[in-house]
């Protein structure tokens, strides 16, 4: 009995690589980039854009909101932090939503929360409505942070899967930059109203895009799965091999359904869960929220002009995000993660040393520029790898029969770590402006070893092949 699941897994792997010629080097089942695929991806990314606008909203809106609604600093800080609380709520239900209602249905739920949140903020006359609106935005963000990468990975051809997934990070950076720019020239109410535009576009687009073929097949809707796949790949594309691979894998999964949360701790899923959670913990505890949420405080403490620092950082992140899109399918996930984690470690080390020298009155004239360089190196590591690739790999590695439970667990881990870092940064920064970055350096250093030893390469392989190989 103990060997039966392993034999079934072995059979899945053999079936995938067997007589139909579906294997590592096969490219026949890999379709072209069609207009409907681009439109579906664009519609999906509207959720990410809304998440980015929510994350960036507090910085340009702070002065206007505090003056307009007579908020204290503590009240505004709570308003900002409510996004993370909502994110935890959204994360907790993201996996089940995606499993029960499908990827498209989950995005519809998220879109409803997002639209309601922005409208409540735009027309708020009291603190309570402002906070509830922000909470709704957090719920939407918690859902899309899981569903968007999963949906994109499941619909994209394998040869461009990494590229399409990497666009998610570019959209996130771009939306934050756009929010900073618009917020500097219009009122916070108008900024909140304009932020509903992606919600409207997504709402309309959801009526025209197909559901994930893999989710449809998993739920026994094989004909609908083939129709959706044909739409995504184009009418002139032969989808026989790709459809057969998906169906064969799903048929084998039906023999041992393991959809419960506690089934995640089955030994055959240990590497999937370990890698997924490990990468997300590295991403967050390595300092991501500390840098992004408190970038102005870091520049101010170092003596570097805040406006210049934020503007240049936004430009650099946008440019390096484009670079990440170009190279992710050329050099692979594992290679980029290794380079990014090294840069993450180096960036925090340089920033920490800058503040250390400043505290002893050494090289004070160089502190602003060296801090700025350390921040740029860290932020570059985020955009070329550590920001988006963990979610890409989780979506690629996780078998669809545990994807809901695994997604919920990973999403909760990410948002909990996010809250912990964003909550503790100011205390640690007051305790020691250099020490907090040395802590991030140590965590990133351990992360380098983790990536080298534990993370597999998934580039150029079908989802079914990746999942069968890593869980046997």
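Cβ atoms here come from the backbone N, Cα and C positions, even for glycine.
Pulled from TrEMBL, these are the features on record:
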DOMAIN    36-459  domain 'Major facilitator superfamily (MFS) profile'
TRANSMEM  76-94  transmembrane segment
TRANSMEM  106-126  transmembrane segment
TRANSMEM  132-153  transmembrane segment
TRANSMEM  165-186  transmembrane segment
TRANSMEM  192-209  transmembrane segment
TRANSMEM  272-296  transmembrane segment
TRANSMEM  308-328  transmembrane segment
TRANSMEM  335-357  transmembrane segment
TRANSMEM  369-394  transmembrane segment
TRANSMEM  406-425  transmembrane segment
TRANSMEM  431-452  transmembrane segment
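Note on the transmembrane segment (132-153): residues 41, 44-45, 47-48, 50-51, 54-55, 79-80, 82-95, 97-98, 103-104, 106-107, 109-111, 113-114, 116-121, 124, 161, 164-165, 168, 212, 388, 391-392, 394-396, 403, 407-408, 410-411, 414-415, 463 of its chain, located 6 or more positions outside it, place their CB under 8 angstroms from a CB of the stretch. Here the transmembrane segment (308-328) does not touch the transmembrane segment (406-425). Their Cβ atoms form fewer than 3 pairs under 8 Å, with each pair 6 or more residues apart. Outside the transmembrane segment (165-186), and at least 6 residues removed from its termini, the chain residues within Cβ reach (under 8 Å) are 41, 45, 48-53, 55-57, 59-61, 148-149, 152-153, 156, 194-195, 310-311, 314-315, 317-318, 321-322, 324-325, 328, 382-383, 387-389, 391-392, 395.
Using the rule of three or more Cβ pairs under 8 Å, pairs at least 6 apart in sequence, the transmembrane segment (76-94) is not in contact with the transmembrane segment (335-357). By the count of Cβ pairs under 8 Å, the stretch nearest in packing to the transmembrane segment (431-452) among 272-296, 335-357, 369-394 is 335-357. 272-296 is the stretch from 106-126, 272-296, 406-425 with the greatest number of Cβ pairs below 8 Å to the transmembrane segment (369-394). Under 8 Å from some Cβ of the transmembrane segment (106-126) lie the Cβ atoms of residues 44, 46-47, 50, 54, 69, 90, 94, 97-98, 132-137, 139-140, 143-144, 147-148, 151, 189-190, 192-193, 195-196, 199-200, 202-203, 206, all in the same chain and six or more residues away from its ends.
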